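Peer 1: Attaching a single structure in structure tokens format; questions to follow.
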There are 2 protein chains.
Amino acid sequence: MELWFTEKQTEHYGITFNIKETLVVEQTDFQHLAIVDTVEFGRMLLLDGMVMTTVRDEFVYHEMVAHPALFTHPNPEHVLVVGGGDGGVIREVMKHPKVKKAVLVDIDGKVIEYSKKFLPEIAGELDNTRVEVIVGDGYMHIHEHKQAYDVIMVDSTEPVGPAVELFTKGFYQGISEALKEDGIFVAQTDNPWFKADLIRSVHRDVKEIFPITRVYGANIPTYPSGLWTFTMGSKKYDPLAVDESAIAELNTKYYSPRLHKAAFALPKLVEELLQD
Amino acid sequence: MELWFTEKQTEHYGITFNIKETLVVEQTDFQHLAIVDTVEFGRMLLLDGMVMTTVRDEFVYHEMVAHPALFTHPNPEHVLVVGGGDGGVIREVMKHPKVKKAVLVDIDGKVIEYSKKFLPEIAGELDNTRVEVIVGDGYMHIHEHKQAYDVIMVDSTEPVGPAVELFTKGFYQGISEALKEDGIFVAQTDNPWFKADLIRSVHRDVKEIFPITRVYGANIPTYPSGLWTFTMGSKKYDPLAVDESAIAELNTKYYSPRLHKAAFALPKLVEELLQD
């Protein structure tokens, strides 16, 4: 008997996976959590029925949240990750020797617990001595830590459930205040094919708060449309002014110094929605 | 009753579409052809059960086959499209006033006939007076037309069924001979996530024949992995040496002068498979 799991990525289309085994299915205090083992993509974390990450393609998302900002800031010593309880972004942050301390604040301790247990290749660096893991509210954390961070990364779910407040202008204002005077912020901002309004609205809000606002993209096979966007707000450093030849070649599978600026060259359909 | 069509994009994962209506289902002399109307992507052409194009996202593929090569060649007067019976690539080629004549050779007249009938927004330019449509064998055509073309584009299906010979070294050699002394060739070469071996093998073959070989990518939501590659072989002109500021701003939705070179900046997983 073949088992298939289908995520409706919009109401009318979806992605479907042949499943070997279901490892966890649980309603946490915040969301529905599942970890399944797929034939094609390996183990997969689902929150509220949406694919968050798979062992096969997780590196794209995690590298592309972490490295463009960390290679734009000349001295990213203190880093905050809001959300990201699976630990993938933290793993990439730990590849930067300049980072003295990274704090992860995820509201759902179950995501952290099950990721450590079932996704060790993703979550392994959560135990790094340079990492502090806090189970708590990211919104509250940033309001309690003024001018504390060089780089803040928002690795959230969609703006439904616990992540709703992470897509508000008040949150971006709080992030700006939690950053030092030359800080950089980056957030995942969904796909331009079916969530154009979300990207437009985040871009507009971030632009009102940060002097430098940039959007870049990456290919993620298991996310809707396969094209994902990230929005960066920066107080001082422009990711497009970076000298690519000076970027260190890390042990990555997607990001490279050659891709640093090219990732900001967007398809015309994305350029146009940012001009609205 | 909701109808859903699922394409298995590999043996173990797929894409699934809510279908409003089935317009054509026919076994032609060469392949299984279907046109269905989907809720999310509009009308969709399927060959041998694989999504070829949809009204919603077709522009990515068609623009990215046509424009990088046509904006690399300084004077692309004579253009050949092998395959591409839906007419989408021809529509993009017709946006270039320098093109005096474009020849389309598709082996399956039914693809042309049904595309004209059911996909007029894609196929409309097949009736342009600058276009000659030939129902025939592209492999034979190139062997019968030496030094005839400035640019040759291969818009084929996967290397199964009628397109098998379009992925052989003999075919690329024939293309080189059908091109003028400064000609450019481009072909769709599938996705790097599940068809790495195909890209590797095409790249190796093309590199042995053309002095300049380049691979670029584009996001196509309805194709496996959402990341598609194209391989370009050029006798003289390098797409990376183009002055982007001199590229005309066409009426496109994906390609832009800003994206011309950035499309050749590839994720590390693609870079690495090209080095094998």
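Cβ coordinates are placed from backbone N, Cα and C, and glycine is handled just like the others.
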Peer 1: In TrEMBL, B:Gln31, B:Asp137, B:Gly138, B:Pro162 are given as binding S-methyl-5'-thioadenosine, so which of B:Asp106, B:Asp197, B:Asp205 is in that site too?
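Peer 2: Checking B:Asp106, B:Asp197, B:Asp205 against TrEMBL: the S-methyl-5'-thioadenosine site match is B:Asp106.
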Peer 1: Using only what TrEMBL says about spermidine binding by B:His62, B:Asp155, B:Ser156, B:Thr157, B:Glu158, identify which of B:Asp86, B:Asp182 is listed for that site too.
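Peer 2: Between B:Asp86, B:Asp182, TrEMBL records just one in the spermidine site with B:His62, B:Asp155, B:Ser156, B:Thr157, B:Glu158, namely B:Asp86.
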Peer 1: Let me make sure I understand the structure: which of the binding-site residues listed (B:Asp106, B:Glu158) has the fewest other Cβ atoms within 10 A of its Cβ?
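Peer 2: Per-residue Cβ counts within 10 Å for the binding-site residues B:Asp106, B:Glu158 bottom out at B:Glu158.
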Peer 1: Using other CB atoms within 10 angstroms as the count, which residue among the recorded positions B:Asp86, B:Asp137, B:Asp155 scores least?
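Peer 2: Comparing Cβ neighbours within 10 Å for the recorded positions B:Asp86, B:Asp137, B:Asp155, B:Asp137 has the fewest.
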Peer 1: Please report the DSSP secondary structure of B:Gln31 (S-methyl-5'-thioadenosine binding site), reduced to three states.
Peer 2: coil
Peer 1: Compare all C-alpha positions of B:Gln31, B:Asp106, B:Asp137, B:Gly138, B:Pro162, the record's S-methyl-5'-thioadenosine binders, and send over the largest distance in angstrom.
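Peer 2: Output for S-methyl-5'-thioadenosine binders B:Gln31, B:Asp106, B:Asp137, B:Gly138, B:Pro162: max Cα distance 16 Å.
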Peer 1: How big is the Cα-to-Cα gap, in Å, between B:Asp106 (S-methyl-5'-thioadenosine binding site) and B:Ser156 (spermidine binding site)?
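Peer 2: Rounded to a whole number, the Cα-Cα distance is 9 Å.
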Peer 1: Under 8 Å Cβ to Cβ from B:Gln31 (S-methyl-5'-thioadenosine binding site), same chain, six or more residues apart: give me those in sequence order, or none if nothing qualifies.
Peer 2: B:Leu47, B:Asp48, B:Asp108, B:Thr157, B:Gly161, B:Pro162
